[in-house]
Amino acid sequence: MALNLSHQLGVLAGTPIKSGEMTDSSLSVSPPSARMMMSKPININYKSHGTDPSPPRSPVLGATRADLSVACQAYAVESGVETVEEQRTYKEGGIVEKREGGGVPVFVMMPLDSVTMGNTVNRRKAMKASLQALKSAGVEGIMIDVWWGLVEKESPGTYNWGGYNELLEMAKRLGLKVQAVMSFHQCGGNVGDSVTIPLPQWVIEEVDKDPELAYTDQWGRRNHEYISLGADTLPVLKGRTPVQCYGDFMRAFRDNFKHLLGDTIVEIQVGMGPAGELRYPSYPEQEGTWKFPGIGAFQCYDKYSLGSLKAAAEAYGKPEWGSTGPTDAGHYNNWPEDTQFFKKEDGGWNTEYGEFFLSWYSQMLLDHGERILSSAKSIFESTGVKISVKIAGIHWHYGTRSHAPELTAGYYNTRFRDGYLPIAQMLARHNAIFNFTCIEMRDHEQPQDALCAPEKLVNQVALATLAADVPLAGENALPRYDDYAHEQILKASALSFDQNSEGKNQEMCAFTYLRMNPELFQANNWGKFVAFVKKMGEGRDSHRCWEEVEREAQHFVHVTQPLVQEAAVALTH
């Protein structure tokens, strides 16, 4: 029986959280991309220190039943109504070639399960209708996860590009650009993970035989989201090193899609850890291990990482420091002041030992990034694509001296040390884009007792990228459809700082919107989204007010409605 349009679009991304409702689990923060605490543009009362915060409620943005016919507005394009902004393309150096007056191109993340476990396009008709809608709204392109666990699922070196071939050709036909994410991590277990996509079965078999290949905490708990970076250069995966496996995968992708590289596929985002981010899995939500705003835990207790620590301690002249990581750093859900290592006064983080350990721990992460980026750069050289890396927006406890959650994730950022400049400099060496999350958040929307400061964090990261002369791109951390979030993204993407940045201000090179799902296509949300995309395209130098742009967007929605309804009826037969 043919499915009607409402059903096709309604299952695009699983069952969405209804407007005005949040589950307790949604308060836990772990990015897909840096999945952060849901913001809200009114005051929120949180419980006292040490207890779970009360759930924030989403702004009510209209009826919860989606007017799904709006999602098919792109059929207006096929019928001759063209409202798309002038095309923009990536230039060498990662800066986007913009129209006069600037502007930031907007990409939209696709559902995690856009390609099925059987390597076909999921919900094909709904996918096509939705992509056409995005195109009509002036969206530059889409971001799609290319899952290691799907493509190389059967056996080492055997790649099935199946649904990706069809999906990328669909994007090409519609004139949408593509950011392809080399997703070497497991999907499932974090907020927003509506499906489970494990690592390739043959990789899982190797980890089962050697559990030390998994990230490990001090209590022996294993994390299977991503192979431990301690094993990067060891031939532990059927005779290949993990870095070789990642390189072979990217090379196979390049060879299969060479006809689309630089034209349709404009960016390769290289996954480097859990949720695709360059970090340790220090705040795992699976099985309730971690809850926001806990400090997380160090992940360096597998034998391969400890072997590196031992060698570093001996080279430093303190061999006694090489047998283990800090033993007084608390548990996943502690707060900094609950621990000896992270407390502000006389904390271990600010001692000679702490500086040694944190320098080693963060350098291991930087070396991991260097190895994979070196491979990616050589593979995609002269293809016309840019390479990017995603960094997590860990904004909770940012106002403390130790910045404990950032430290456990591998970002050596404290009151006295800039942890993002070394990352930006590493990316600059490989001509890569610094992709950062939590762009939509405001400081006052977050729980104040956890000293959250996403705006200050974004500001610090932007200044680091300016200093390192590396392009900065952004993402929102969780789905937001309200003007408060849109206005914050516009402000952040303009890279206008109160601090002195020596006149080097420039806009973000791109912004990726999380995520294409049924809620985006509700009439009220869709109108706001169209206005947001238009405003982003105009750039920071535009002097038109938000209300004027939104009126234009609503006019666009109105004039295309008859064509939209015609397309919706056609799809039900």
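Glycine is no exception: its Cβ is also placed from the backbone N, Cα and C atoms.
What TrEMBL says about this protein:
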{"type": "ACT_SITE", "residues": "GLU277", "note": "active site, proton donor"}
{"type": "ACT_SITE", "residues": "GLU475", "note": "active site, proton acceptor"}
{"type": "BINDING", "residues": "ASP145, HIS185, ASP193, LYS390, HIS395, THR437, ASN476, ALA477, ARG515", "note": "substrate binding site"}
Out of these binding-site residues, HIS395, ARG515, which one has the fewest other C-beta atoms within 10 Å of its own C-beta? ARG515
Here the Cα-Cα span from HIS395 (substrate binding site) to GLU475 (active site, proton acceptor), rounded to a whole number of angstrom, reaches 14
Going by C-alpha distance, which of the recorded positions ASP145, GLU277, ARG515 is nearest to GLU475 (active site, proton acceptor)? ARG515
Row the residue listed as 'active site, proton acceptor', column other C-beta within 10 angstroms, all chains, value 26
Residue pair GLU277 (active site, proton donor), ASP145 (substrate binding site) - Cα distance, angstrom, rounded: 13
Within 10 angstroms of the C-beta of ASN476 (substrate binding site), what count of other C-beta atoms is obtained when all protein chains are considered? 27
GLU277 (active site, proton donor), Cβ-centred 10 Å count of other Cβ atoms over all protein chains shown, is 27
